[in-house]
Amino acid sequence: MAMEGYRGFLGLLVSALLVGFLSVIFVLIWVLHFREGLGWNGSGLEFNWHPVLAVTGFVFIQGIAIIVYRLPWTWKCSKLLMKSIHAGLNAVAAILAIISVVAVFEYHNVQKVPHMYSLHSWVGLTALILYIQQLVVGFFVFLLPWAPPSLRAIVMPIHVYSGLLLFGTVIATVLMGVTEKLFFVLKHPSYHSFPPEGVFTNTLGLLILVFGALIFWIVTRPQWKRPREPGSVPLQLNGGNAECRMEGAIAISSAHSMDAADPADAESSSEGAARKRTLGLADSGQRSTM
């Protein structure tokens with residue numbers, strides 16, 4: 001199936017990938033050039049893993065996981081395969097985010113810095129906990145085959161909304177963290193005097209913001225949504241559970257097929273059904289008067 005507005009989608013996708021990749025490159029340049037590099041010894045070098053892993057995993061990889069269903073050249077792949085890729089990317093993002101938080105806590109322990117005192121830390125840790133919860137719920141409800149369609153119908157809109165909300169929250173948290181770090185480390189010259197590190201890192205923040213905006217735009221365009229697979233039935237709750245409506249859809253489809261195959265047979269079947277309904281009503285009336 002051809003995608004409507006394919007060229008526009010492709011342009012935005014390439015732009016998002018380019019801006020996201022530049023964000024990762026910029027955060028690496030920041031810590032390697034301006035912040036003395038990376039390490040795992042309780043010093044500031046260990047802390048530097050925090051922005052690198054947060055931007056790479058929690059922002060860039062999570063953004064790709066959000067739009068993976070929108071890639072038109074994957075529409076011929078099975079839904080199970082795409083679910084596995086979506087879950088795998090989110091799992092990688094969660095692992096990198098966890099390691100980034102561990103690096104911060106170890107740095108604070110060694111340097112005797114208080115934990116969890118800033119708004120950045122409150123929002124960031126909350127987002128990580130909810131992100132892991134979202135990943136676990138999605139795994140058991142959507143990836144494993146045991147969940148009933150009615151449960152999936154209930155969870156799906158919550159899953160979509162909370163995923164986008166968490167992605168936006170993560171971007172806001174990263175921007176808060178970058179600004180907070182610059183206020184701490186830029187003393188001579190100070191942040192407000194426009195030092196090269198401050199300007200460079202502000203540019204990193206703008207790249208992250210643009211990447212998030214592109215991902216939000218791509219994932220909210222209805223014409224770029226992955227089409228339903230042939231024979232599938234949308235998960236809805238209005239008017240009964242999903243399983244009942246699936247059976248009803250199959251019955252309706254069968255009736256249409258019979259009509260198209262032989263109009264005479266369809267007419268005789270309709271007349272027979274009418275006679276049965278008449279007899280049934282008569283029989284029902286007799287039973288009600290007995």
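Placed from the backbone N, Cα and C atoms, the Cβ positions cover glycine too.
Keep in mind that what you see is a predicted model, and the values were worked out from it rather than measured.
Summarising model confidence by region, the topological domain 'Cytoplasmic' (1-7) averages a pLDDT of 86. Positions annotated as topological domain 'Cytoplasmic' by Swiss-Prot: 1-7 (among others).
The transmembrane segment annotation in Swiss-Prot covers 8-32 (among others), and the record cites similarity to another entry as its basis.
Annotated transmembrane segment per Swiss-Prot: 48-69 (among others), in sequence order, evidence recorded as similarity to another entry. Within the chain carrying the transmembrane segment (48-69), a Cβ under 8 angstroms from the stretch's Cβ atoms is held by residues 13, 16-17, 20-21, 23-24, 27-28, 30-31, 35-40, 82, 85-86, 89-90, 92-97, 99-101, 103-104, 107, 128, 131, 163-164, 167, 170-171, 174, 177-178, 181, 204, 208, 211-212, 215, 218-219, 225-226, all 6 or more beyond its ends.
Outside the topological domain 'Cytoplasmic' (70-78) by six or more residues, the chain places 1-3, 6, 9, 13, 218-219, 224-227 with a CB less than 8 A from a CB of the stretch. As annotated by Swiss-Prot, topological domain 'Cytoplasmic' applies to 70-78 (among others), with the evidence given as similarity to another entry.
The feature transmembrane segment is assigned by Swiss-Prot to 79-105 (among others).
Feature annotation from Swiss-Prot assigns transmembrane segment to 119-144 (among others).
Among the features that Swiss-Prot reports, topological domain 'Cytoplasmic' is placed at 145-151 (among others), with the record citing similarity to another entry.
For 152-179 (among others), the entry in Swiss-Prot reads transmembrane segment, with the evidence type similarity to another entry.
Swiss-Prot lists 198-222 (among others) with the feature transmembrane segment.
Marked as topological domain 'Cytoplasmic' by Swiss-Prot on the basis of similarity to another entry: 223-290 (among others).
If you look up Swiss-Prot, you'll see Ser232 marked as phosphoserine.
What Swiss-Prot records for 260-272 is compositional bias 'Low complexity'.
Summarising the annotation, Swiss-Prot assigns phosphothreonine to Thr289.
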(message) Please tell me whether the transmembrane segment (8-32) and the transmembrane segment (198-222) touch - that is, whether there are at least 3 C-beta pairs under 8 Å between them, with each pair 6 or more apart in sequence.
(response) yes
